[in-house]
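Asker: The structure under discussion is supplied below as structure tokens; questions concerning it will follow.
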Amino acid sequence: MHRYRSHHCAALRKCDVGIKARLSGWVHRVRDHGGILFVDLRDHFGITQIVADPASPAFKIIEKVRSEWVIRVDGEVRARSDEVINTSLPTGEIEIFAKEVEILSKSDELPLPVFGEPDYPEDIRLKYRFLDLRRETMHRNIMRRTEIIAAIRRSMQENGFTEFTTPLLTASSPEGARDFLVPSRIHQGKFYALPQAPQQYKQLLMMSGFDRYFQIAPCFRDEDPRADRLPGEFYQLDVEMSFVEQEDVLVTMEPIMRSLFEEFADGKPVTQSFPRLSYEEAMRKYGSDKPDLRNPIIMEDVSQHFYDSGFKVFAQILANDENARVWAIPAKTGGSRAFCDRMNGWAQSEGQPGLGYIFWREEQGKFEGAGPIAKNIGEQRTEALRMQLGLENGDACFFVAGDPKKFLPFAGAARTRVGEELDLVDRDCFSLAWIVDFPFFEWNEEEKKLDFAHNPFSMPQGGKDALECQDPLTLKAFQYDLVCNGYEIASGGIRNHSPEMMLKVFNLAGLSKEVVEDRFGGLYRAFHYGAPPHGGMAAGVDRIIMLLQGVKNLREVALFPMNQQALDLLMSAPSDVSPVQLRDLGIRIAPAAKND
């Protein structure tokens with residue numbers, strides 16, 4: 001018999017009754033029922049119940065064991081009586097009568113429990129992640145992560161993509177987030193950077209004659225953490241294709257993403273044909289470029305009802321600014337003063353002056369609007385609003401006014417809040433959509449210059465003619481995002497493969513030819529030697545797994561993540577290094593400035 005086990009802890013069944021078995025694992029819990037000891041023995045695969053009575057030669061040893069000790073058990077497989085069968089366990093019809101027990105390893109007092117999975121402070125969980133990962137939910141999340149990544153690889157290979165591994169030490173690129181810098185010992189004073197994404201390398205692969213590339217790529221960005229973004233590093237499904245237009249990429253990747261969600265959705269419906277929304281449409285209807293389409297609320301422009309109206313606040317806003325609009329956020333079933341006042345209070349807590357509203361009641365077969373706005377604009381305008389928005393008895397509507405460019409973030413947040421408060425959001429589905437036609441540039445008011453709105457390497461719609469003839473702020477890019485349930489899960493574009501257009505694009509953003517050659521020299525040179533039209537995308541693996549597992553925090557689906565302060569509490573990183581190491585690198589740490 002094997003030194004440690006003949007079976008794992010989820011293997012034995014009723015058909016194995018009578019055989020001798022050897023199991024090894026962790027003591028999940030110990031119970032004493034009238035002098036008979038029961039041990040739930042756990043390993044990677046599952047749990048088996050071990051039994052020892054005072055007549056068992058193993059009894060005295062089992063009396064000593066505690067939670068999370070590692071033991072080996074030899075014994076006989078016995079059937080449980082009908083009244084004690086545990087239908088929640090695959091091994092619930094049997095138990096092992098222990099005849100010999102060996103203690104392989106003891107455990108100190110646990111800083112957090114493994115059995116029962118109560119809520120525990122996250123920093124404790126991360127410091128003792130090896131214990132946290134023993135818990136059933138975390139173990140299941142990590143195993144599901146592995147299964148999802150394996151399914152991605154299988155699907156990509158079935159669709160003709162080849163996996164390539166790109167370098168992890170590369171040049172710093174100041175665009176986007178901050179780089180993690182790695183000092184060079186050999187070339188002192190110079191630095192490598194960990195890649196924020198394999199963007200240039202995957203394009204260079206297309207220049208090198210390869211056709212369809214993918215990689216489960218580690219990416220590194222020195223940015224502030226949040227629940228849907230891991231500090232430090234994350235993984236993305238990186239994709240690039242040669243000789244393609246935007247339609248080719250979308251048509252290729254949509255069934256791959258749909259089948260991935262269907263495989264791991266646990267029966268929840270998945271969008272079969274992903275709708276396509278322009279960036280402008282998404283912002284106008286939902287106040288977000290990553291709308292949650294499970295929320296049925298669609299915002300509408302209702303400005304015409306407020307021009308020269310009795311509600312002077314909105315009327316004056318419209319009269320004083322030609323860009324001003326009034327948008328409505330319909331709230332089905334939200335027609336109570338208590339709810340409307342609660343939303344108004346929430347808006348004030350968000351730094352807004354308030355959130356105007358109307359709610360409707362049916363009196364003697366006639367709809368009447370209630371609230372200050374209805375009172376001021378009058379019955380006719382109130383009824384016209386209701387008809388435009390398709391609202392009925394017991395419904396409400398909230399309003400935001402001003403320049404949409406300024407109020408959009410709040411309007412989108414208000415739409416989300418209303419949908420959640422009124423339980424309008426369908427939690428049991430995955431709603432996916434493409435967002436297309438992103439603006440190429442945006443205006444940086446602080447620095448009085450153009451910034452790239454999305455990806456600087458994308459192709460402008462209209463090509464060279466558009467670059468030369470159009471107002472840069474009206475340019476659209478061949479860029480697209482894939483969104484799901486309010487999260488951006490993928491982003492991509494058709495690349496600019498012309499060196500002349502590349503220089504023109506960067507010049508509009510204030511970067512000279514010399515700067516482009518310095519920062520993107522490898523890619524720029526490659527464009528001069530026969531660059532194929534190409535495009536691709538990158539999907540956030542961690543975020544997709546988070547959605548499929550139904551958790552709100554990426555750290556619940558990552559093995560050894562940092563905490564919110566970008567600290568690895570398990571490995572004590574970042575850490576001090578020795579003076580010798582610094583000297584070898586030619587680095588001196590400047591003392592931190594004191595705050596007077």
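Cβ from N, Cα, C; glycine included.
I grabbed these lines from Swiss-Prot:
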- GLU175, ARG221, HIS454, ARG495: L-aspartate binding site (BINDING)
- ARG221, ASP222, GLU223, GLU488, GLY540, VAL541, ASP542, ARG543: ATP binding site (BINDING)
- 199-202: region 'Aspartate' (REGION)
- HIS33: site 'Important for tRNA non-discrimination' (SITE)
Asker: What same-chain residues lie close to the region 'Aspartate' (199-202): Cβ under 8 Å, and 6 or more beyond its ends?
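Answerer: Distal contacts: 166-167, 170, 213, 215, 238-240, 455, 457, 520, 522-523, 536.
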Asker: Which secondary structure state does DSSP assign to ASP542 (ATP binding site), in the simple three-class scheme?
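Answerer: In the DSSP reduction, ASP542 (ATP binding site) maps to helix.
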Asker: Counting by DSSP, what is the helix, strand and coil composition of the region 'Aspartate' (199-202)?
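Answerer: Helix (H, G, I), strand (E, B), coil: 4 helix, 0 strand, 0 coil.
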Asker: According to DSSP, collapsed to three classes, what secondary structure does ARG221 (L-aspartate binding site) have?
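Answerer: DSSP call for ARG221 (L-aspartate binding site): strand.
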Asker: For ASP222 (ATP binding site), write down the residues of its own chain that are at least 6 apart in sequence and whose Cβ falls under 8 Å from its Cβ; none is a fine answer.
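Answerer: For ASP222 (ATP binding site), the qualifying residues are ALA177, ARG178, ASP179, PHE180, GLY232.
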Asker: What is the one among the recorded positions HIS33, ARG221, HIS454, ARG495, ARG543 whose Cβ has the most other Cβ atoms less than or equal to 10 Å away?
Answerer: ARG495
Asker: Of HIS33, ARG221, HIS454, ARG495, which is closest to ARG543 (ATP binding site) if I measure between C-alpha atoms? They're all recorded positions.
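Answerer: Closest by Cα: ARG221.
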Asker: Do me a favour and check the Cα-Cα span between GLU223 (ATP binding site) and HIS33 (site 'Important for tRNA non-discrimination'); whole Å is fine.
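Answerer: Given the Cα positions, GLU223 (ATP binding site) is 54 Å from HIS33 (site 'Important for tRNA non-discrimination').
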Asker: Measuring Cα to Cα, how many angstrom lie between ARG495 (L-aspartate binding site) and VAL541 (ATP binding site)?
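Answerer: Taking the Cα atoms only, ARG495 (L-aspartate binding site) lies 22 Å from VAL541 (ATP binding site).
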Asker: Work through the recorded positions one by one (HIS33, ARG221, HIS454) and name whichever has its CA nearest to the CA of VAL541 (ATP binding site).
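Answerer: Nearest by Cα distance to VAL541 (ATP binding site): ARG221.
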Asker: For GLY540 (ATP binding site), write down the residues of its own chain that are at least 6 apart in sequence and whose Cβ falls under 8 Å from its Cβ; none is a fine answer.
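Answerer: Spatial neighbours, sequence-distant, of GLY540 (ATP binding site): PHE234, TYR235, GLN236, GLU488, ILE489, ALA490.
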Asker: Give the distance between the Cα atoms of HIS33 (site 'Important for tRNA non-discrimination') and HIS454 (L-aspartate binding site), rounded to the nearest whole Å.
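Answerer: Pair distance, Cα basis, whole Å: 64 Å.
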Asker: Name, in the order they occur in the sequence, the residues of the same chain whose CB lies under 8 A from the CB of ASP542 (ATP binding site) and which sit 6 or more residues away.
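Answerer: Looking at Cβ-Cβ distances below 8 Å from ASP542 (ATP binding site), excluding near sequence neighbours, one finds LEU230, PHE234, TYR235, LEU554, VAL557, ALA558.
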